[in-house]
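Colleague: Structure in structure tokens, see below.
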Amino acid sequence: MDDATVASRQRQQQPASLATTKDSRAMMAELDAPLHALGFEMEELSPSRLTGRLPVTRICCQASTPALPFKVLHGGVSALVAEALASMGAHMASGYSRVAGVQLSINHFRSAALGDTVLAQAVPVHVGRSTQVWEVKLWKMDPSTGEKGPQIAESRVTLLSNLPLPEEHKRAGDALKKYASKL
């Protein structure tokens, strides 16, 4: 599948209201630089649920060499999405105090191919005084309906929460606060 075909397929899979815009790219750049670099788009952003989508592009795929990718989503990218969403959610759920991931477990059930779109959802399982546990699920989007298709991965992320926030990071939650009210 060439790059033009992949781009066309991904545009067809996106609802018109979620078409990539300069604003959504700027939002992701502010919220999470690694997710932004991969093309992730946030749809919901709250302390109780985060959702978004990731177009599977060449940069997201496993590769035997950079010129010859295997054309399936790299498992490390799935783990990056899980850690990022859980961390953002835990940061908001803790009242914007500092959080730190201490454990991530991920199971991969099936692959997502180059050109697919992956839907992601993170929800808290436990929000305590000193720890949080988040569940993150990834599905391949059904191109005919734009809805969730088969689940491709599931992750559990444990984070320490309510850690002291160093003075130089007091504004760390500003972007989350700004965009949580808009989505």
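Including glycine, each Cβ sits where the backbone N, Cα and C put it.
These numbers come from a predicted model, not from an experiment.
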Colleague: Per TrEMBL, which of 1-21, 127-147, 148-168 is region 'Disordered'?
Modeller: 1-21
Colleague: Taking only the residues in the domain 'Thioesterase' (71-144), give me the average pLDDT of this model.
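Modeller: A mean pLDDT of 96 is what the model gives the domain 'Thioesterase' (71-144).
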